[in-house]
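Quick look at what TrEMBL annotates:
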{"type": "DOMAIN", "residues": "A:1-91", "note": "domain 'Cytochrome oxidase subunit II transmembrane region profile'"}
{"type": "TRANSMEM", "residues": "A:27-51", "note": "transmembrane segment"}
{"type": "TRANSMEM", "residues": "A:63-85", "note": "transmembrane segment"}
{"type": "DOMAIN", "residues": "A:92-225", "note": "domain 'Cytochrome oxidase subunit II copper A binding'"}
């Protein structure tokens, strides 16, 4: 999860998010260099004593400040397109989970083998145990096996919602009457938090998402337990 | 989670408020190389021409070129290392899975026994 006053991304938990972090670092360095160049030019303009009121045209600098931005944009666009197509690759998912947005909670359905269905409500602040996170914890977590391609089908029951988990690099709109598909692989075990990312009413800020990635054996134990409780 | 890495009170050092040189891999080395290259280029130009203002311009150009060059070199090296790491991880996983079977890559093929005479 994010720590207080965090500005940067959370640590990556999926290969796609790792790629996005690398791309962000690459683009940020380019932006930093452009900002430094602009700052230097401003200082140079302000401190120069040279003035020429009769400049008409200057082919060389016009060529430079046309070609250079074009090259910079290509340098940014190529990795960007690479990641865009990487995110759209079709993977053979081992598990499909349906995520339905409601006002104001998420429900999850694991229907590949048996029928496991549960709702995930935010844990109220007064019910939190010591060490739990305010406005982020839920009563039931979405458990997924780690290192296993997982497909998520996102939809909504009433109004627009959005299912987002920053450390997985996922954000997918939940639209009533529509199934949106996304896929991910969780690289390491852990608990990953997200929040609804489309305004959906009074409690939009109070319907978080919690993904718990566990080894396959524990996932099987958990699903057996869920079936018994059903 | 990200906050487990934030145990130290150090919040990172951001150049121009955007580039966190402590957290972004290769950024610190790129900026330091750039600073060195800038100093070297500017000083050499000044020693050669004694033009102060132009030396600053040359120094700045040296900073840009050295920073970019160091950055891309470091990033490409890191990317190659990551690819090798993935191959190694895959190989270790395969070794564990295939150990003792016909597909074991470390298993040496037994020399064929000569056929018995008729």
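In case you wondered, yes, glycine gets a Cβ from its N, Cα and C as well.
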So how many of the residues in the domain 'Cytochrome oxidase subunit II copper A binding' (A:92-225) end up helix, strand or coil by DSSP?
19 helix, 61 strand, 54 coil
Arithmetic mean of per-residue pLDDT over the domain 'Cytochrome oxidase subunit II copper A binding' (A:92-225):
95
For the domain 'Cytochrome oxidase subunit II transmembrane region profile' (A:1-91), the DSSP residue counts stand at 62 helix, 0 strand, 29 coil
